[in-house]
Structure formats: C-alpha cells, structure tokens
Amino acid sequence: MCTATTYVPCCRLNFQQIRSSIILEAGKVNDYEVVYPQKIYPLPKSRIQRREQKVNYEDTLKYEFKVNGEPVVLHLERNKGLFSKDYTETHYSPDGREITTSPPIEDHCYYHGHIQNEADSTAVISACNGLKGHFKHQGETYLIEPLKLSDSEAHAVYKSENVEKEDESPKICGVTQTTWKSDEPIKMTSQLNLTTEQDRYLQAQKYIEFFIAVDNRMYRKYKSDLTAIRTRIYEIANIINTMLRPLRIHVALIGTEIWSDRDRINVQPAANVTLDLFARWRESDLLSRRRNDNAQLLTDIDLNGLTLGLGYVGTICHSKHSAAIVQDHTKETRLMASTMAHEMGHNLGINHDTNTCNCAAEKCIMSPTISDVPLYDFSSCSLEQCKTFLTSKLPECILDKPSKTDVDAPAVCGNYFVEVGEECDCGSPEVIFF
C-alpha cells in the first residue's frame, strides 16, 4: 500500500527572473527564469527505524521552486527499473582489449515524477548534480537544468518552445511501409477473436532488456569522455522508459558498449547497410557475450539524405533483426529519446502514422518525419498495430522480467516492480494500457 509522508521545506525560496538569452545544454534559450529549488525533507518519525545503509540519493524526493512566479512542488520517485541487476558497461583500451565492468548502479540518480496537485503532470529528472530534465506543468513542457554560476543552487527553467532550433530542415526515418507487413491488414483488437493465450499475453506486463552501442565517431565527438557518454545514455533511457509505458512495456538497460578504440563494423552513411552490419554483429558477437532483447547503435556519422534512424519492423526478440541504428543528431536528450523510441516502435511491429492517426499532441512518436519538438505519445494507430503484432507473434523474450536492482528500500507505488509489502504494481494511474 502507498502511504503519504509529511514533509517540511528546509528553507525559504529565492527567485529571480531573467529575460535575456543564454546558451544552455539544450542550445540557445531566448527566455528563461532563474530559480532556486529547495529540497523538502520528510519529518522524522521516531517509531520508524532508519535504514543503516547509506545512500547518496533517496528513493523519493520533493523540491519546491517557482514557475512564472508561482510556487510548484515537484515529486520524484527513483526509476528503480532503469537498469537490470546484471547491467554491464564495455569499452576498449587503445590496444583493443575489451574492458567490461559491472558498475554499482543501485544508488543511481534518475527519477520520474509529477507536479503536486496536477493530474496531467509528468516529470523525467536527473538529480545527479542539481535537477536536470523536463516536467509538464499546466499543459506546457518546461526544462530545468543547473546554471554554471558561482551560486551553485541556481537553476534555469524555460519552455521547450524557447530553445532555438538547431536545424530547420525536415528529417525522416528511413523505414518504408514495405519493410514489413503482417499477413493481413491491421484490424482493431476489439474486432479480433483472441484466444485465451493471446488475451493473457496481451494483459501481461512486458520488459525489454535494452542494449546500446556507441560508435567511435560518437566517442570522439564527446572528446573521448566515457562518463559524459554514459550520462547521456542514462538520461535518454530514462525518458524512453516513460514513452513505452502506454504499450505496457518497461525498458531496462542491460548493457552499453562504447567502441573507444575502433568501430566493430564498417559504419557508413548508407543506413540500410550499416543497420544490416550492426544486426549481424549483434547476432554473431554481442549475444554470445551479453544477452539482450533489443539493441541500438548510436552513431555520429551523417546518414545519407534526410535519414536520422532506421530499424527493422516487427522483429523484437529476433536473434539478428531486433535492432536499429540512430544518428546522434541533436544535443537535446528528449529529441534523441523520441527518435530511439520511434525505431524501437518499428521493432515492435508499428509502422508510420498516417493522417488518420491521433494522439494528445499535434504529432505522435511514429510520425514519418522527425520533429524538432520532442514527441512523447504513441498514436491510436500505433497502439492497435502493436497489439496486433504482439497477439499474432507472441514474442517470448519480452515476457522475461529483468532482475531489478536490489535496493533495501521502501516499496514505491507506480514503478512497475512488485516489492516487499506489495501484492501488485501496475504503474502510474494516469497510464492507459491496452
């Protein structure tokens, strides 16, 4: 059962508003606010025994700050399912020696959450060094990140629309509608006569153990900084995790590999060729070392034409073809997450949206053109196509629940993992499943 906790703010709020432009991590921002998030600590309860284990990041956090001059309270819960328990990281020494480690990821700093008293609010935040990420407040998306000022508590808060676009030219996904077709036209799931097995499969929570590889160009792009690349991957994966929830799919990182000495395949601008080579490498090399349900290659090569990504359609759990490639086309982690979720959607049997497909936003994740605005929602068409694919193919690998990180912590409602004291955990109440 989820119980409420009483909180007390640690100190008063400070606030200052600035109307000039600034260069932030997302790019040039033309209008932003300076805020000073104040952590709200829970009141100690004398009858509750404190955990002896020392942690750097609590399982739940609360912060108060101002947006447009009005105070808001940000509730955060650690995404305890972000990593599989046996998550590994691989890179290579200059002489080509493989270096694989199992980092201590139990005490990580990546959270999901919402604004207090707002039913439609969501938040995806990194609390590693200040607060960095985005949140939805009163129907609008805001970004927050620490400011590199002498005042270490200062953060910038700004609307997504106030970030200058890096490139106005339209970009596309390289998948065509003829890449994969089901045996018959897509039907509404309600029109299908599902067997007991199909219905049971459809209702089951599903898990994708996700592997991300990074090519040598991208490694050099980030000045050979392994920590910076991994941090980027964690932030992207934390966002993807929320995007796949309406499909009743939880995405957990099973491993990363950075080609720090040289590429393991001949990465080239022809997206279809690079995808085929990467899929072959996954089947012949990677799977023998590191199991995974799905893998993507992030590359800094400029793919031919307007293409930013390419993935096989309807291939999840396939030993070779459960794969995709994505160009590292933007500094914005939310845009990268949208593109990667798009290609993963193809692996799950989803084709591009047409004009008859709708979601809460103007454009949806499976739009054939890559937007300069992050896309968070799968369309009605995407939900139906995914359901039809899953019930026809019944891919087994995504029914295997990854070992969650063993954290000696109170159970958290809404994180999809059944913990001590819980009989079930179906995720956040605002998520609409199949």
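Cβ coordinates come from backbone N, Cα and C, glycine included.
A TrEMBL annotation is a machine prediction, not a hand-curated record.
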- Message: Tell me which of Cys357, Cys364 TrEMBL records as disulfide-bonded to Cys359.
- Response: Cys364
- Task: Tell me, from Cys357, Cys413, Cys424, which cysteine TrEMBL puts in a disulphide with Cys381.
- Result: Cys357
- Name the cysteine that pairs with Cys397 in a disulphide bond per TrEMBL, restricting the answer to Cys128, Cys173, Cys317, Cys426. Cys317
- Message: Quiz question: given the binding-site residues His342, His346, His352, which has the greatest number of C-beta atoms lying within 10 angstroms of its own C-beta?
- Response: His342
- Which residues, same chain and not among His342, His346, His352, have a CB within 8 angstroms of the centroid of the CB atoms at the recorded Zn(2+) site? Cys173, Val175, Gly311, Val313, Glu343, Gly345, Ile350, Asn351, Ile365, Met366, Pro368
- Query: Going by C-alpha positions, which of the recorded positions (Glu343, His346, Cys359) is nearest Cys381 (disulfide bond)?
  - Reply: Cys359
- Just how many other Cβ atoms lie inside 10 Å of the Cβ on Cys364 (disulfide bond)? 23
- Item | Proximal residue to Cys317 (disulfide bond) among recorded positions His342, Glu343, Cys357, Cys359 (C-alpha distance) | Glu343
- With an 8 Å cut-off on Cβ-Cβ distance and a minimum sequence separation of at least 6, pull the same-chain contacts of Cys357 (disulfide bond), or say none. Cys364, Met366, Ser379, Ser380, Cys381, Ser382
- Count of other CB atoms lying within 10 Å of the CB belonging to Cys397 (disulfide bond): 18
